[in-house]
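Residues or ranges marked as domain 'U-box' in TrEMBL: 70-343. Positions annotated as repeat 'ARM' by TrEMBL: 108-150, 190-232.
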Amino acid sequence: METEKIPTGFTYLGRNFSDLNLNDNSSSAFSDCNSDRSGEFSSATSESRRKLWLSCASAADDFSDEIIPHLVSDLESSSVDDQKQAAMEIRLLAKNKPENRLKIARAGAIKPLISLLNSSDLQLQEYGVTAILNLSLCDENKDHITSSGAIKPLVRALKIGTSTARENAACALLRLSQVDENKSLIGRSGAIPALVDLLENGGIRAKKDASTALYSLCSVKENKIRAVEAGIMKPLIELMADFGSHMVDKSAFVLSLLVSLPEARSALVDEEGIPVLVEIVEVGSHRQKEIAAAILLQLCEDSVVYRTMVAREGAIPPLVALSQSGTSRAKRKAETLIELLRQPRSGNAAARDT
């Protein structure tokens, strides 16, 4: 399996992306992936139980040791309501007390939770997905979750679930993809097109979750190819062009992984990505300028045609400015790209490149 080193210096969800292998105490880095939603407790009785379980999450260990087996048993109840209540309470215990995540897994909860992911009841599926997500925050549970067959049901929820289930399925797949051996398995299970769809059509939280998962998964070449074939370039370019989307950095870093592929470079040009990248070099933040220059450099290194297109978009003046005011790394990239763009573009070379 071919993987690439993740570029350093990209902070997302409060964590630098050079360190995707977060330990169990770092779950707050993915706090946007939690499951709390208003209105999910349908009665005063359920609300009282919610308060009970939240207090239990901080109570003595022996209480959780006593109650967890009962909740696991209820996951296999013939009553859908009992299953929902058990999954919801397991989710809360796993969310608020990290040591409970391992206890719940050891009590046998993972397989019955996975079975909920295939339920036709979308709320039950959502509770199951979110419980699996919270259990996956424990590194020791990741192999158990994967070996128990969670990936395909998570992909199913990613495709057809509620908006919350889709977001949390993306987060769970991200967590599982932090084990390198799982990246290809997740890609082969159909996750990439579903994540691209979430990136294009989901809300802002969904877009963030999808981009984060895609960034992790696309360190593997076969997943890059899947992403390009799924049409990822269009939403990436659109998000990069919209400075109000708060997705410029995230989209650019995903693109930076893909642009090593010839088919990705071709798709970038077809989707009018060059003007967008040049604009980012001109008016983006310091980090945005640097990553856009890096992408343009990869695009131009082996293509006279692309160099001509970039130069005609007026890239040289903002690159000169970046070479004078950017970080040392940004300056080097800008200077290298300027040299390429100023090289003579002979007709024969351009003909060979088309």
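Backbone N, Cα and C atoms are what each Cβ position is placed from, and that goes for glycine too.
Under DSSP, the residues of the repeat 'ARM' (108-150) split into helix, strand and coil as follows: 31 helix, 0 strand, 12 coil. The average pLDDT computed for the domain 'U-box' (70-343) is 96. Taken through DSSP, the repeat 'ARM' (190-232) splits into 34 helix, 1 strand, 8 coil.
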